[in-house]
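Engineer: According to Swiss-Prot, the protein has these features:
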{"type": "ACT_SITE", "residues": "Asp207", "note": "active site, nucleophile"}
{"type": "ACT_SITE", "residues": "Glu244", "note": "active site, proton donor"}
{"type": "BINDING", "residues": "Asn117, Gln168, Asp177, His211", "note": "Ca(2+) binding site"}
{"type": "DISULFID", "residues": "Cys47-Cys103", "note": "disulfide bond"}
{"type": "DISULFID", "residues": "Cys156-Cys170", "note": "disulfide bond"}
{"type": "DISULFID", "residues": "Cys375-Cys381", "note": "disulfide bond"}
{"type": "DISULFID", "residues": "Cys417-Cys440", "note": "disulfide bond"}
{"type": "DISULFID", "residues": "Cys447-Cys459", "note": "disulfide bond"}
{"type": "SIGNAL", "residues": "1-19", "note": "signal peptide"}
Amino acid sequence: MFKFALALTLCLAGSLSLAQHNPHWWGNRNTIVHLFEWKWSDIAEECESFLGPRGFAGVQVSPVNENIISAGRPWWERYQPISYKLTTRSGNEEEFGDMVRRCNEVGVRIYVDVLLNHMSGDFDGVAIGTAGTEAEPSKKSFPGVPFSAQDFPPSCEITDWNNRFQVQQCELVGLKDLDQSSDWVRSKLIEFLDHLIELGVAGFRVDAAKHMASEDLEYIYRSLSDLNTDHGFPHNARPFIFQEVIDHGHETVSRDEYKDLGAVTEFRFSEEIGNAFRGNNALRWLQSWGTGWGFLPSGQALTFVDNHDNQRDAGAVLNYKSPRQYKMATAFHLAYPYGISRVMSSFAFDDHDTPPPQDAQERIISPEFDEDGACVNGWICEHRWRQIYAMVGFKNAVRDTEMAEWWDNGDSQISFCRGNKGFLAVNNNQYDLSQELNTCLPAGEYCDVISGSLINGSCTGKSVTVKDNGYGYIHIGVDDFDGMMALHVDAKV
């Protein structure tokens, strides 16, 4: 009997782990966009007018629960919670619920950035939150939950990042570290997440996961409710979990401790793709991209060119400020068959603390668009760049196909096919790419979705004629606006 019970427990644990890697996408959709700091009402409209029609699979939204109000309203105040009331600068609970419903109705899932590791950092005196709740972080007093000093371990500072105790028990940049082994703390975190599940979300991005013991997170995840079938999820569907674990390869707390609980953010993907497209590595080395580079298995890796944190850091990571290289890197990211893909949608920043676009009363303003649909009032909206949303469509068109017919020039001109459904060529050299290449596509004329769009049977950009043998003439000039070309079966003229 004991052996049967043990086997059943192990079986259930394994099935739960696999379930938490399922993002619950509609149809062939398979790209998440992070609409960083957007208001809920604007996200709802964006789902209906742009994301749904363009085939995006889901949205990662900023933290939804009440946070401290910081002077100047820097973006990071959202990561300093003081209660689990659903009121932030992005909107209130009613607006959040309306957004989730409307996005689900057009096939766009919602994933919430959740803060389970900590509460707000120190604040002089009594802090006021975005829902009007008072707290005294310096005394570890958060009556809006309520949490008190007994719900936190003794305060200490992380001075040694190779010390597991410090990494998981001390305060990350001064933020009050919760005790996730406490029954009370666990119950409040589970209650918060279950409320979001009830409202229709598909899953969670778990902030600062490496600063929590994996066994505590496993308990919390296992205790969550199934997804809400009223929002189109099947019975017994588990929330998709992806966890922020920064692991450069030799960390005391490893990504491998979390990968079976859900997907894990693959930060080395971001760093290495930046290195390659900045010219520090030849693109020919990308043929073995993914696990060949020591990355996590594809189904366990949440992949991205940049995120809201590392786009603000110096180093190899690309961001919107290097648009030509950024678009090439994103095209490769979305074309190569590896990982669970997320693209960034930023606002403009001049320094690390720049707040989102706001009015004189420090209220977040809605994005505005020009005649081409690009954002113009402080929002960058990379997801609305044609070269990026076109590659979201490419990724949908080639889903479940393998990479084939890799070609390179021995340096930084590359091409490859996705089965017989798609083809990507990239030129990151300082001279033209002019070559007959195997596109693997059926014979015909194809619109390059990077330089233009297929509208009413006509291509507004470059086109390529594919011969009966699958070959076509590919030209990407060194002075072309974009350094890549993408063809797929849904863009056949």
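Backbone N, Cα and C define each Cβ position, glycine as well.
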Engineer: Taking Cα atoms as reference points, rank the recorded positions Cys47, Asn117, Gln168 by distance from Cys417 (disulfide bond) and give the first.
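Structural biologist: The answer is Cys47.
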Engineer: What kind of secondary structure is Cys459 (disulfide bond) part of, going by DSSP in three states?
Structural biologist: strand
Engineer: Could you check the binding-site residues Asn117, Gln168 and say which one's CB has the fewest neighbouring CB atoms inside 10 Å?
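Structural biologist: Among the binding-site residues Asn117, Gln168, the lowest count of other Cβ atoms within 10 Å belongs to Gln168.
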Engineer: What's the CA to CA span in angstrom from the residue listed as 'active site, nucleophile' over to Cys447 (disulfide bond)?
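Structural biologist: Their Cα atoms are separated by 40 Å.
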Engineer: Using CB atoms and a 10 A radius, I'd like the single residue among the disulfide-bonded residues Cys103, Cys459 with the highest neighbour count.
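Structural biologist: It comes out as Cys103.
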Engineer: Within 10 angstroms of the C-beta of Cys440 (disulfide bond), what count of other C-beta atoms is obtained when all protein chains are considered?
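Structural biologist: Cys440 (disulfide bond): 20 neighbouring Cβ atoms within 10 Å.
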Engineer: Please list residues from the chain of Asp177 (Ca(2+) binding site) whose Cβ is under 8 angstroms from its Cβ, counting only those at least six apart in sequence.
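Structural biologist: Correct list: Asn117, His118, Phe152, Pro153, Ser155, Gln169, Cys170, Glu171, His211.
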Engineer: State the Cα to Cα distance, in Å, between Cys156 (disulfide bond) and the residue listed as 'active site, proton donor', rounded to an integer.
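Structural biologist: A Cα-Cα distance of 22 Å.
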Engineer: Of all the disulfide-bonded residues given, Cys47, Cys170, Cys417, Cys447, which has the fewest Cβ neighbours within 10 Å once its own Cβ is left out?
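Structural biologist: Candidates: the disulfide-bonded residues Cys47, Cys170, Cys417, Cys447. Fewest Cβ atoms within 10 Å: Cys170.
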Engineer: List nothing but the one residue from Cys156, Cys375 whose Cβ has the fewest other Cβ atoms within 10 Å; the candidates are the disulfide-bonded residues.
Structural biologist: Cys156
Engineer: According to DSSP, does Cys417 (disulfide bond) sit in a helix, a strand, or coil?
Structural biologist: strand
Engineer: Rounded to a whole number, how many Å is the Cα of Gln168 (Ca(2+) binding site) away from the Cα of Glu244 (active site, proton donor)?
Structural biologist: 14
Engineer: Given a 10 Å Cβ-Cβ cut-off, pick out the one of the recorded positions Asp207, His211, Glu244, Cys381 that has the most other Cβ atoms nearby.
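Structural biologist: That would be His211, with the highest Cβ count within 10 Å.
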Engineer: Which are the residues of the chain, Asn117, Gln168, Asp177, His211 excluded, whose CB is within 8 A of where the CB atoms of the Ca(2+) site average out, their centroid?
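Structural biologist: Sorted by sequence, the hits are His118, Val167, Gln169, Cys170, Glu171, Leu172, Leu178, Gln180, Ala208, Met212.
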Engineer: Which of the three DSSP-derived classes (helix, strand, coil) applies to Cys156 (disulfide bond)?
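Structural biologist: Reduced to three states, the DSSP call for Cys156 (disulfide bond) is coil.
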